[in-house]
Ligand code: MET
């Protein structure tokens, strides 16, 4: 059973969401069923980059994770692309046997049995600015598939329309912890990121949520963008 892997890198810190700051190794799956207008990981999405992706089995993936982590059992972050279009069950089973724990980031467009074997399922439904539509029946199936695994929802917000959508989504899933992060319009890995622009987007989002009495979501920046800009493999 082989998987398309765009990159495996780390140890680094998780830059966003519930595990922000957590030491982790990333396993970035190649291939995605979405085409978000502002995608920051096209190198793991567009099949134009397919020749850069490795074909690996579970043993190969975990050997690389162990090499990078020095064999220390840390949290492995499975991202993409959409990792749920592939079968990460064998990777998670093997890794858990070695003491690793797994978090997975997905938009919630494909439900998988192996979600139940995760320590954390991060569901990131995409707001209107992405140009994508969420199939809520499938999203619900993802939540159900996670079973007893911890689940959170993370929504990227570019503008007020996205924010209104995030709020409506939050009403629909009142029991799901919600994390919001400002969208990053700059996706060129070569271009430096202006920290002030990032702070300005955070300020807007804090004022537009907490500042207007919506006290439900946690508001976080992309910490890795602040540290490394849009560089890959960090
Ligand atoms: N597709 C996954 C998600 O939506 C991984 C990050 S997006 C490049 O969470």
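Even glycines carry a Cβ here, placed using N, Cα and C.
Not measured: the values here are computed from a predicted model.
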TrEMBL has 38, 39, 40, 124, 125, 126 down as binding S-adenosyl-L-methionine; which of 71, 81, 89 does it also list for that site?
81
Return the residue out of 28, 67, 96 that TrEMBL annotates for the same substrate site as 13, 14, 15, 79.
28
Under 6 Å from ligand 1 by Cβ, which binding-site residues from 13, 14, 28, 38?
none
Within 10 Å of each Cβ, count the other Cβ atoms, then let me know which of the binding-site residues 32, 39 comes out lowest.
39
Need the DSSP three-state call for residue 28 (substrate binding site) to compare against my parser.
strand
Residue 32 ([4Fe-4S] cluster binding site) as reference: those binding-site residues from 38, 81, 124 with C-alpha within 10 Å of it:
81
What are the sequence-distant neighbours of residue 81 (S-adenosyl-L-methionine binding site), meaning same chain, six or more residues apart, C-beta distance under 8 angstroms?
6, 28, 29, 30, 31, 32, 41, 44, 45
Can you list, in sequence order, the residues of the same chain other than 13, 14, 15, 28, 79 whose CB lies within 8 Å of the CB centroid of the substrate site?
12, 16, 24, 26, 77, 224
